[in-house]
Amino acid sequence: MPVVTRLIRLKCVGLRLDRSGLNRRICHGGHGESTRRRVMEELSSLTVSQREQFLVENDVFGIYNYFDASDVSTQKYMMEIQRDKQLDYLMKGLRQLGPQFSSLDANRPWLCYWILHSIALLGETVDDELESNAIDFLGRCQGSEGGYGGGPGQLPHLATTYAAVNALVTLGGDKALSSINREKMSCFLRRMKDTSGGFRMHDMGEMDVRACYTAISVASILNIMDDELTQGLGDYILSCQTYEGGIGGEPGSEAHGGYTYCGLAAMILINEVDRLNLDSLMNWAVHRQGVEMGFQGRTNKLVDGCYTFWQAAPCVLLQRLYSTNDHDVHGSSHISEGTNEEHHAHDEDDLEDSDDDDDSDEDNDEDSVNGHRIHHTSTYINRRMQLVFDSLGLQRYVLLCSKIPDGGFRDKPRKPRDFYHTCYCLSGLSVAQHAWLKDEDTPPLTRDIMGGYSNLLEPVQLLHNIVMDQYNEAIEFFFKAA
C-alpha cells in the first residue's frame with residue numbers, strides 16, 4: 001500500500017517533532033484532496049531518517065492502540081509469551097536449519113548459544129541426545145591450540161569462543177564443562193592480547209571492545225583470569241568512551257549499545273569500572289529508550305528488539321553500581337544513611353556466604369566497586385530509588401511488537417523473526433522482569449512482570465548473559481578445576 005494512502009487511512013494529517021524525534025499526531029480530518037496534499041507536503045519535508053522513524057512509530061502505536069481497544073481476553077492472549085510456540089520454534093532450529101542459514105556457517109556456535117540460552121530462559125532443557133550432539137559439535141569447533149572457531153576446522157575467533165563457552169555453560173554438567181580445554185584456552189587468550197592493552201578477535205584480526213569483553217568474560221567464567229590478561233585493558237576501554245557517554249567499538253567510534261554493554265561489563269569484571277565517567281554513561285544509556293518504549297542502539301537510530309538486552313542490562317548494572325557506591329542514580333548525592341547501612345549489611349552477608357573460600361580477594365577499600373557484588377547480584381535497587389528506565393514499557397514493546405505469535409522474536413514490526421533477536425529479546429525481557437531483584441532466590445513481584453507470572457523468565461547473570469543457575473554451577477566447577 002502506498003505510504004500516503006496508508007497514512008490517510010489512519011486519518012493522520014499532521015506531524016510534530018519533540019526531544020525524542022518524530023511523533024505522529026492522529027487527527028480525525030477528512031479524506032479529501034486537501035488532506036492528501038497536506039500529508040504529501042509533510043512527508044516531502046522529512047529526511048529519510050525521519051520518514052523511517054515516523055513509519056515505525058505508526059506501526060508500533062497502531063499495535064498499542066489495537067491492544068488498548070481490545071477486550072480483556074484478547075489483551076491477555078496478545079500479552080502471553082506463548083511458551084509452547086517459542087519452544088517449538090527453538091527446538092526445530094536446534095535440530096535442523098534450512099539452506100537459508102548457509103550464510104551463517106561461520107556463526108554456528110552462536111546459533112547454539114542463541115537457541116540454548118533462549119530455551120534455558122524459558123526454564124526448559126534439551127533432551128540427552130540433543131545435549132550430547134551439541135557438546136560433540138562444539139568440541140569439533142575447538143581449535144587444537146585453544147579457542148573455538150565458527151565451525152569445525154575454522155579459525156578460532158574470540159566471538160565464537162565466547163558463544164561456544166556460554167553454550168556449554170548453559171548446557172551444564174561435567175561432560176559439557178570438562179570439554180573446554182582451559183589450559184589451551186588460556187594460551188589462546190594470551191595470543192589474542194595486544195600490546196595496546198586490548199584484544200584482537202583472531203590471529204592478525206581487528207581489535208575492538210567486543211574482543212576485550214569476550215576474552216575477559218571467558219577468562220572470568222573459566223577461572224583463568226590473571227594480571228597479564230587485564231594489563232592495560234582498562235586504558236583501552238576508557239579510550240573508547242565517547243563525548244556522548246556511551247562506549248564505541250574502538251577509539252573515535254560512535255557510542256553503540258552493544259559496545260557499551262561489552263565495555264561496561266568488562267570494566268566491572270576487572271574491577272576498574274570507577275575509571276569510566278558513569279554519570280555520562282548513565283545519561284546516554286537512559287536516553288536510548290524512545291517513545292516506542294523499546295531501546296535504540298545509537299543516537300537517532302530506530303528501535304530494535306535486540307537492544308532490550310544490550311541497553312537494559314547496562315542501565316541495571318549502572319544503577320546497582322550507584323547503589324554499591326552509595327550514590328543516587330545521578331551520582332550527585334548519597335542515599336540516606338539508613339538505606340546505606342541496609343545495603344552494606346545485605347552486601348556483606350551475601351559476600352560472606354558466597355566467597356568464604358577466598359576472603360583474600362575481597363577489596364577492603366570501601367570506596368571502590370567490587371565486581372563480586374555485581375557477580376552475585378548481591379546489590380539491588382532499593383524501592384525508594386526509581387528505575388532509570390521504564391521496565392514495564394520495555395516489556396510491553398517486546399511482548400506486543402517483537403514477539404511473533406507462532407514463536408520467535410523480531411527486531412520490530414514488519415521484520416522477520418530470527419534466533420539472534422529471540423535470544424536478546426528474551427534476555428532483555430528477563431532483565432526487565434528482575435530489575436528489582438533483591439537476590440537470586442527472591443522472585444519478582446507480580447506488578448513487575450507484564451502479563452503476570454506465566455510470563456516469568458529465569459534470571460540472567462548480567463555480566464555474561466547466562467541463566468543464574470548454570471552460571472553458579474560453572475563457577476563452582478571451574479573453581480574446583482583450578
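Each residue, glycine too, has its Cβ placed from N, Cα and C.
From the candidate list HIS202, HIS421, HIS434, the residue Swiss-Prot records in the Zn(2+) site shared with ASP304, CYS306 is HIS421. For the pair HIS421 (Zn(2+) binding site) and TYR307 ((2E,6E)-farnesyl diphosphate binding site), the Cα-Cα distance reads 9 Å. With respect to their backbone Cα atoms, GLY258 ((2E,6E)-farnesyl diphosphate binding site) and ASP304 (Zn(2+) binding site) stand 12 Å from each other. With a cut-off of 8 Å between Cβ atoms, the residues of this chain six or more beyond the repeat 'PFTB 1' (131-172) that come close are 94, 105-110, 112-113, 116-117, 120, 125, 179-181, 183-189, 191-192, 199-203, 205, 210-211, 213-215, 217-218, 221-222, 464-467, 469-471, 473-474. Largest Cα-Cα distance over the residues recorded as binding (2E,6E)-farnesyl diphosphate, namely HIS256, GLY257, GLY258, TYR259, ARG298, THR299, ASN300, LYS301, TYR307, THR308, PHE309, TRP310, equals 19 Å. Looking only at Cα atoms, TRP110 (site 'Important for selectivity against geranylgeranyl diphosphate') sits nearest to CYS306 among the binding-site residues HIS256, ASN300, CYS306.
With the fewest other C-beta atoms within 10 Å around its C-beta, ARG298 stands out among the binding-site residues HIS256, ARG298, HIS421.
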